[in-house]
Number of protein chains: 2
Amino acid sequence: MNYFSSHFKLGILGGGQLGKMLLYETRKFDIHTKVLEASEDAPCKIACNEFVLGNLMDFDAVYDFGKQVDVLTIEIENVNLDALEKLEEEGVKVYPPTKALRIIQNKATQKLFYVDKGIPTADFSRFAYASEIEDAVENEALDFPFVWKAAQFGYDGQGVKIVRTFDDLKELPPGECITEKMIPFKNELAVIVVRNPSGQVVTYPVVEMEFHPEANQVEYVICPARIDENVAEKAQEIALNVSREIGHIGILAVEMFQTQDDKILVNEVAPRPHNSGHYSIEASYTNQFEQHIRAILDLPLGRTDSKVAGIMVNLVGAEGHTGDVVYENIREIMAMEGVTPHVYGKKQTRPFRKMGHVTIVNEDINEARRIAQRVKETIHVVSQ
Amino acid sequence: MNYFSSHFKLGILGGGQLGKMLLYETRKFDIHTKVLEASEDAPCKIACNEFVLGNLMDFDAVYDFGKQVDVLTIEIENVNLDALEKLEEEGVKVYPPTKALRIIQNKATQKLFYVDKGIPTADFSRFAYASEIEDAVENEALDFPFVWKAAQFGYDGQGVKIVRTFDDLKELPPGECITEKMIPFKNELAVIVVRNPSGQVVTYPVVEMEFHPEANQVEYVICPARIDENVAEKAQEIALNVSREIGHIGILAVEMFQTQDDKILVNEVAPRPHNSGHYSIEASYTNQFEQHIRAILDLPLGRTDSKVAGIMVNLVGAEGHTGDVVYENIREIMAMEGVTPHVYGKKQTRPFRKMGHVTIVNEDINEARRIAQRVKETIHVVSQ
């Protein structure tokens, strides 16, 4: 298929910020793009050739949209899988494949899959309703504290909670969920694996994530991770194993824990460009968005190593601020060495809402880390 | 002024490929953009917030457009300067300033300016009509061969010609022009200078340009230039001097000759992102498009040095091919190390038409140069 022709159409399910960054990269190759998205004022609208309004969970909306494109990809996992399956049967190239999405979309299914395939992961229990958790605790089948995760539709720090008391239990949404043992980890790590339909597979360097203690959101993503070479190798091997078993096409971001005794446990995966890969826009030879496009179009994959060290800082809404957003001191951080802000353009801020990210690149990772700290302390996402 | 607000509007005169690449960078800062352009199917259309159809040389079109924005910039020099002047008087921030554009827009004026300011440049003569050139040659005021340049509207290798015979003279367009002594140069060099309204000034490293012998178009731009340190310093000094005298805001690309005896002569300048800076997208800490945005919004300027060596190869239409474009062997070049194609999306190719560019980045400039050569020999821009 000639992707560099006006007859070819790439469809993207979801029109959010990830989709927008993906769309910029399609311009390098002049690919005709079409987006399906439920929100009229989605970020993608400015960057795609065609925009279709529709519900991503609706069979007909997804199926009808898919029939109009040659290759179909996603920027969010919550899409109608039955429609994708039918499209695949009818010859549309769906990347990642529906089979991979079925494993990933539901976190309980995802965890069972790891157990089934012998992939190391934290111990967990599945509950059809959150109300069953209380029984489990009372029957001593489960001990406080533990991590609760919604089986579906988790997003932006939502859908994950540390539960310490019966009171915490009362705040949980009612639906299907899992609980996980809390892992007293040394580091949270991630590896991006990329695969194209021809079978070429590449991995990005291991990155290290520092989390905000309360919001359960990543504060810093650091590439390369400051860990021992043999731990990094183990993390890459396990990520490749997950990738092989899931059989994804495109990007797969594999999040992992490095335990106190240097074991690697898979936490969860995302089958699309991911927050843990944003540093790649400035630091890598091939950024994750260009790489995803290369993969799903079955083009040769690009170099995954870095030109320089990269650190990403998430820009989230400050506590106590809700309303029209102001990026306080953004000029000050832009005066710092190797700093590029990415403002997503959401008009309203609220506590911990993901409003953008900032990348810091430097030849010296320790210098990058010092600048990242100053960025974090200087910029504030507040309301007017 | 708060640029990161929905009330702020950035206007761009011209909707071509340079404008499109500039627009991608505005997304990092979520800046509201508005483009004025004469062609309904301009590349910019997919990347701006608002698109206005209009002639850039028409006073009313430019003036009316300018009244609706806060900061006005250009992606092409051929715009109505009287309208810009009036807009400036009425408080619109026009960057580059009209005064700078008046010097640059007409090549005869530009050359006279260099002479006036003591900036070294090749000897030249100005002619109100090309027909006057023949008289000059016959009166021995001018010798073959020489370089002919149209005073205005040169573009893409058009508007420049080497004249060797009376026959060559017959093919020249009739209008105002200059003739220049041919400089037997060692190298063609360029330096990008960037200035913001607060007075911060930075320069990019000196790049080296290799030209196609016939088409008078750049084939390779190599950063850093493989020249002596003291020649590079001299080129940077002269570029800074040109920048200071012209008083531009934003990017100024200064093209120069390095003569056989290592003198530097200024060839010409462009007051906007420029082909000689495309390598910066992949190689520099801050690419030229982001830098231009930073400058015209009076934000702090970013680092101008490179993460790795970068070489740009222009993709131009092959001789003997006119019609629907095909990028022959584009997969093959994408399989080479550190290679990123930028396809501009023009549907029709013709000999020497600029259809895109390819960047090659590598830690080792000699390896980058070898790969660039292979890229050049492998990809062919042909018709179907």
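Backbone N, Cα and C atoms are what each Cβ position is placed from, and that goes for glycine too.
Curation plays no part in TrEMBL annotations; they are all automatic predictions.
There are 23 other CB atoms within 10 A of the CB of A:K107 (ATP binding site), with all protein chains counted. Annotation source TrEMBL lists ATP binding site at A:K107, A:K149, A:E180, A:K181, A:M182, A:I183, A:E188, A:N267, A:E268.
As annotated by TrEMBL, domain 'ATP-grasp' applies to A:111-297.
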Nonlocal residues around A:E268 (ATP binding site), in sequence order (Cβ under 8 Å, 6 or more apart):
A:K107, A:Q110, A:E255
If I restrict to non-local contacts, at least six residues apart, and a C-beta distance under 8 angstroms, what lies near A:E188 (ATP binding site) in its own chain?
A:E208, A:M209, A:E210, A:F211, A:E255, A:M256, A:F257, A:Q258, A:N267
Tell me which residues of the chain lie with their Cβ under 8 angstroms from that of A:M182 (ATP binding site), as long as they are six or more apart in sequence?
A:P145, A:F146, A:V147, A:I162
Restricting to the domain 'ATP-grasp' (A:111-297), what is the model's mean pLDDT?
93
When you measure from the Cβ of A:E180 (ATP binding site), how many other Cβ atoms are you left with inside 10 Å?
20
Could you find out if DSSP has A:K107 (ATP binding site) as helix, strand or coil?
helix
